[in-house]
Amino acid sequence: MIKAFLLLGVLLGYYVDDPIYHTYSEVQEELDSLHRAYPEITLLDTIGFSQRYGTPIIAFKISDNAGVPEAEPRVMFDGVHHAEEVLGLETIMSTIKDILERYSEGDTLIKKFVDELEIWFLPVLNPDGHNIVMGLAPDSTVRDTGWRKNARDNNLNGILDLDADGVDPNRNYDFNWSMGGDSIPSHYFYRGPYPFSEGETQAMKYLCERERFCALVNYHSPSYSIGEIVYYPWRWTTHIPALPPDFYVIDEVAGDMAAHIVNDSHSGHYLKTIGEAEVGNARNWQYGKLGIIALTIEICSRRCQVPPEEVPDITARNREGIYWLLSRALRSSLLLTVKDTFTDRPLSVQALVLEIDTIDTIPPPRETDPRTGSLARLLLPGTYTLELRKEGYITRRIQFDITEDDLTRIDAYLVPESPPEPLVPYPVPSSGEVRVVLDLDEVSHVKADVYDIAGRRVRKLLDGDLGPGYAIVRWDGKDDMGEDAGSGVFFIRFRIRDRKKVAKTVRVKR
């Protein structure tokens, strides 16, 4: 088997020596240069390090406020799981440059993507393997343009041995890990000593769990398989049900994305194919553990490296698929944000669409991002029931509609099982907004005014009906003229029906 794949490396030739193909150091330099040119809308993020040489694994984010996570749909594209499959890398790099250039020119579609999405790119997941392909391994002159794996030192001899070393990163994920790949270290599909044993897959795990993408593409090319295919999850013959709960939306997304990528012969387009579940690859883990609509795209019809003059056309055609998927994330989709009713704090909650998520326990319930309280999800048009669950909070159900052309936004609030004591301001002291909870047993006319310690009225807050149930009265720290009321002790005086109540608060300067 080793001889066969070494022969493949010879047959590939040395197309990758052409300057059109990026080395890993060139990827780093180019991304750094682009970040410096567009600092407001880009972010460079080291998400981990390679297994053998500790090479930084870099992700690149494009969004209108790239430095902070926002409640927006997140989509990701990655390349070079397999070291020799370099066309995904070139597609990603050309797309990054195209987005940034067109954004600077005021392109309407690109501006919509940048303003309303968080777009992530991971050009090279396997930098050590890629350096072997390019003949740039740090401590060796060994080169193999057909190398697939990373550079794990399987025999622990400290020497880069192509007959013995390396793990296939795309067999190292913790989903049906033991059912796919190979257990023999020298083999082409060696899955590693245990799931997520490799720094490369640990980096992917970290990024996916943190960002909770609604859609993701893993780029590959046909080193031994059929090209111009969009694979999607899954057919699981030993599991009931054999198809995933989200099958219909995944099937639609895979088919439509394939239809937007023209094939090499320009006689048609890429095709969709359902993948097998019994293998620990990225796509299966991303969907099976996190519920991400994850696709694998095999770029090119015949090989994983092509003559340099063919690269621009291949990457341009695949870029159309990327732009279709970004557009799809902004329609026929749900964008949910969940916060605590009383504190406005974002919450990480389980968010189930009952018409889909009760079909199977795999994937587990999707969870909102604790940083923003948000979760985006691609759906088909229809009416759905959302169930929000979190320990310590009252479970809530919300019925909502998904339409073909729109992103449905839901801002939901959960009530704690043990809510704050009524008429106790939060927070104290405060440099921003002050909130006071009221617990009303019936609809009540409520007046609320803010007074300073000298008894002067600072702000009229409320004069109207509230209730029944919990209500929140908010003061933004400003007076009736819209000016900052300053620091000090303040009293919020309530008249609820014929009863008077007072809440004391303290404001401090920022």
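In case you wondered, yes, glycine gets a Cβ from its N, Cα and C as well.
Nobody curates TrEMBL annotations by hand; they come from automatic prediction.
In three-state terms derived from DSSP, E298 (active site, proton donor/acceptor) belongs to an extended strand segment. Of all the Cβ atoms in the protein chains shown, 24 others lie within 10 Å of the Cβ of E298 (active site, proton donor/acceptor). The active site, proton donor/acceptor annotation in TrEMBL covers E298.
Averaged across the domain 'Peptidase M14' (20-329), pLDDT for the predicted model comes to 97. Residues or ranges marked as domain 'Peptidase M14' in TrEMBL: 20-329.
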